[in-house]
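Taking it in order: structure first as structure tokens, then the write-up.
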Amino acid sequence: MTELVHTRAELAAARDGLTGTVGVVMTMGALHSGHETLLRAARERADHVLVTIFVNPLQFGPDEDFNRYPRTLDVDLEICRRAGVAVVFAPVVTELYPEGKPRVWVAPGQLGEELEGQSRPGFFHGVLTVVLKLLHVTRPDLAFFGEKDYQQLTLVRRMVGDLDVPVEIVGVPTVREPDGLALSSRNRYLSPDERAAALSLSGALRAGAAAAAVGADAGAVLAAAHAAFESGPSGARLDYLVLTDSDLEPGPTAGPARMLVAAWVGTTRLIDNMSVQLAPYS
């Protein structure tokens, strides 16, 4: 049976009752099939799964969708129950931030100011701060994050390593609709026409990956992705489309690489990414 707790004291008591390994899945709610994949991965690796549901105000800018972000706790709880989750921690904002905002934040470093960090200033300060707080209060052995938010996953791994947080970070592959659209809680904002336009993101990534698969160099891979985005369904406005190495460093030439894209579709901002394998120069 899934136990729902709302305070840190209730969480501590519930956590103390879990023997064996504990895996945490941190969410903002509005759970979908992608989250269910995270829950299954956690069940496979850990004796118990703990889920956090918290719409973190620190990671929303003044013009972003904090108030509009979907909140579906009853539905989320049913998904967690079906998945065999042991504990769900769903605090109110003042439970984690009694003074409204923390006095100390986690600085993400240079990578946190690029890509999503450049388009959304302060975003990763808020993300890493809440992740670190939740790691402290949930005390997991493993923490599961989707590769869909690849920059976030990379920064969380760096934070855990640099700050000696005793937890294993596990990345879980992106879940997609049959037509390629990456699952996201924000997809529910899209109209039918916008839903079609959103395929420009995955279409660009697939074109780049296809070019890499036949031996194209980094420049040609990126050019193929840009061409596919521009020729794809109309209605998506590109923010960035880049090719990095697997650690998000610029200038990959061979081996594992990562292509990342962000675009506006109507009033909704979507992100996606895909791994590509660059052939060595002959």
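The chain as shown is numbered from 1 upward.
The backbone N, Cα and C atoms fix where each Cβ goes, glycine too.
Since this is a predicted model, take the numbers as computed values, not measurements.
Annotated ATP binding site per Swiss-Prot: 28-35, 146-149, VAL175, 183-186, in sequence order, evidence recorded as sequence analysis. Feature annotation from Swiss-Prot assigns active site, proton donor to HIS35; the stated evidence is sequence analysis. Residues or ranges marked as (R)-pantoate binding site by Swiss-Prot: GLN59, GLN152. Here Swiss-Prot flags GLN59 as beta-alanine binding site.
Annotated features taken from Swiss-Prot, shown on the structure.
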residue: MET28; record: ATP binding site; Cβ neighbours (10 Å): 18
residue: LEU31; record: ATP binding site; Cβ neighbours (10 Å): 25
residue: GLY34; record: ATP binding site; Cβ neighbours (10 Å): 20
residue: HIS35; record: active site, proton donor; Cβ neighbours (10 Å): 25
residue: GLN59; record: (R)-pantoate binding site; Cβ neighbours (10 Å): 21
residue: GLU147; record: ATP binding site; Cβ neighbours (10 Å): 18
residue: GLN152; record: (R)-pantoate binding site; Cβ neighbours (10 Å): 22
residue: VAL175; record: ATP binding site; Cβ neighbours (10 Å): 18
residue: SER185; record: ATP binding site; Cβ neighbours (10 Å): 17
Cα nearest VAL175 (ATP binding site) among recorded positions (HIS35, GLN59, GLN152) -> HIS35
The rounded CA-CA distance in Å from SER185 (ATP binding site) to GLN152 ((R)-pantoate binding site) is 16
If you measure between the CA atoms of the residue listed as 'active site, proton donor' and GLN152 ((R)-pantoate binding site) and round to the nearest Å, you get 16
